[in-house]
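Asker: Provided herewith is a single structure, encoded as structure tokens, for subsequent inquiry.
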Amino acid sequence: MHLNRALNILVAVLVACLSLRALAQPEPIEITAAPDIQAHFQFWQDASGEALIDQVLTLPDERWEAVPNGSATFGLTQSAYWIRFTLSNQTQLNQNLIAELVYPQLDDVIFYLFEDGALVKELKTGDSRPFYPRDVDHPSMLSRVSLAPGEMKSVFVRVATGGSMIVPLRIWREQAFYETAAHELKLQFFYYGCIFVIILINLAVYLSLREKLYLYYALALLGYLLFFASIKGFSFQHLYPYVPLLHAKALLVSIPGLALFSLLFCREFLNTRVNTPRLDKALIGMMLFELLFLLSSPFLDYHVGIQLASFSALFFFSLLLVAGPVAWMAGVRAGAFFTLAWSPLTIGVLATAGRALGIFPENFFTEYAMQIGSGLEAFILTLALADRLYREREDKITAQAASLQEAQSRNVAQNLLTEALTHDPVTGLPNHNRFVWMVDQQLQQAPHGRYMVGLARITRLDEINRTLGLARSEWIMKRVAEQMVELAAGLPFIQAICDAQGREERVYHLSGDCFCLLVDVDKAGKDFSALNAALRRLAEPIWLDHLAIELHPRFGAASYPEHGRSAAELIRNAHVGMEIAPRDGNETGIYSPQRDIYNESRLTLMADLRKALQQNQTMLYYQPKQDLETGHIVGVEALIRWHHAERGWVNPVEFIPLAEETGVITQLTRWVIAQAAKDLADLHQDNPELTVAINISARDLESKELQGELHLALQQNGLQACSVTLEITETAAMLDPARSLQALNVLAALGHQISIDDFGSGYSSLSYLKQLPASELKLDRSLINDICSSESADVIVSTAIQMARSLGYRVVGEGIESAEIAGRLKAKGCHLLQGYWLCKPKPITELKQWLRNYEAEERVARAQPL
């Protein structure tokens, strides 16, 4: 018992003696009055990485190797390293010192501070541990040491890391450290600020021009920011100090990320696909490698990832260093800029990689070489991009000057098309939208005047058309138009204006069988006898081939301001007045709110529609669109259908206009968007390239919720914005041109295709239509239905298609009801068609079966020999 206790005491004494011997061996780092402290240390390699401090203290001196300059680079290693040094205060003042290992990427660092052979402090730090707590709030590995005058303390440090083992030791006076750290921080954040500003500039240019080049460059620079912030420890310190694993993965992800986007930028900047195809293949191969590296980096071992990143960087930057001269030799001006920009960055990368692998020593250049190189690269490439923008601007100016001559010749075609779109092709009279514009202008200019909108409808036109044929029916309409113009010219109270060509307009062709005019009631006074006499003349038969053709016209009128304050209201109420006029005789039906047969019905119908939308009682039918070139079905148009519980099927012509007037249209559009997106996702299972067209109204464009509803529907069904086309009529777009243009630009920027529906059905400004972000024009059926029987209609359609194609629009013919019309449209250059000839609108289940049958018939047709 006593012998064991004596042996234990003896062992303890021997260990203490050995410990004191070990602590006493290193040459001390003397702290004198001199401002600089020359650091040096001794190190021992722990290959197993399992040695403890008690074992290290007993190591003989010959196992320790000296590093006289205070910095050692051991490269990529799995070993742990121990370093030791002694601090001796040779001054008469207390010294507050900071021992710094100037490499933030060390995973595991433990400081042991001994005073008189006793352990007085143990500090565990490193980027594999949470950032806090630390002796000093700084990315480097730091430990405070306080020395009284003449005092000496020994420090042992265990260092282990999965990456490159770099151990640069510096001993600082506390004040000098903070001053130097503050100065270095200013330089670092000046660098980060400059790079961030360049990123913002390139993003702004990308958002303005939509050129991928600037986006790739911004993302590449963002990768550099993440890389340097990670490798310098700033992101660990400020963004995720308690998640060391995220810090390690962020560094691994940043390396292939900056490489991938740098390669993409290089391809776009040098246009290697066209100028240097072989180089382009090499870039693509390197991009695939970096993409795989990027995807796998979150799952790689840190040590393996760092090794892979170091070696891949050599090949990646070497390839881009070669890319500039290759493109330059191929005659690409950008190659010179790229060579100048990439050379300093490549040198910096090689220096950084050599330092990490232990090839190059630890010094200021190897520590900051990559940042210096990246800063020079960013500056030079920014100048190059500015030069590119300048040259592109010059090219655009040249191109615009060249296009002026083309624009002059195009004006002739535009004037012809404007004439075709603002006048009826049969009678030559100005059409519906022209009349609406004229009336609204007159009411705005003289809001206190009194006016009357008068309508005349030839009720027997359909019967005449079916009996005598289209040609004779058109002759009768021309004769009626001539007669009305002649009669209106003798009535001074009929409002008249002149068009751009100086032609007088008094009578307007509102629709196929309806004419209209505007009466200035103040000029007419109370004497309408001349007007009534003119109406009686219109009611007389017209002689054709010795036949007296009875027209049976009906007349309606609505007064401003009693019956409406806009052209649309007055025309609508004049139609109602026509409905309530006696069917025998030639009396004019004057609108009366008390006799408006549509008011109560409208309110009831809209209430029922709201209820139907809430209870999902409406449904969508779809009409396919065929590509005339390939014969493939490329899209469908969503058409609302409503089966009323009491009224049965309600025609959309009845409830859509009412929905627009009452505001129910926004609720209806919201339901259509959600249902169409759901159905399109279902159709994509068999037809992934199919698109759907949705009709939107002027009220929808005014709604702030439209963009969000579209985004939600696309997100819920996994669809891209380009798969949903938004159709708007030219009339709706013209109601509020500025607001419509702004809303459509936003939708187009999100990726939606914009289609102008019912093109040619009314009056519109071509200069305005060209501003719309539309890619498609749908010719109204009223333009194309008569192209096989009317030479004038054929000329108008040809002109419209040629003009639309020259302006870069895709042309769609709708309402196609015969193979002959389809053939003519194809010959004229029309891109797509839809109509009953191809397929009637069908519910989703029937449409899917129809598509299968159509595809099967196509395959059979293609398999048959020509």
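Using the three backbone atoms N, Cα and C, a Cβ is placed for every residue, glycine included.
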Asker: Would you mind telling me which of 335-356, 467-488, 819-840 TrEMBL tags as transmembrane segment?
Answerer: 335-356
Asker: Which numbers of helix, strand and coil residues does DSSP report for the domain 'GGDEF' (449-593)?
Answerer: 57 helix, 41 strand, 47 coil
Asker: Summarise the model's confidence over the domain 'EAL' (602-855) as a mean pLDDT value.
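Answerer: The average pLDDT of the model in the domain 'EAL' (602-855) works out to 88.
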Asker: Pairs of Cβ atoms less than 8 Å apart decide it: which stretch in 189-207, 251-270, 306-328 has the most with the transmembrane segment (214-231)?
Answerer: 251-270
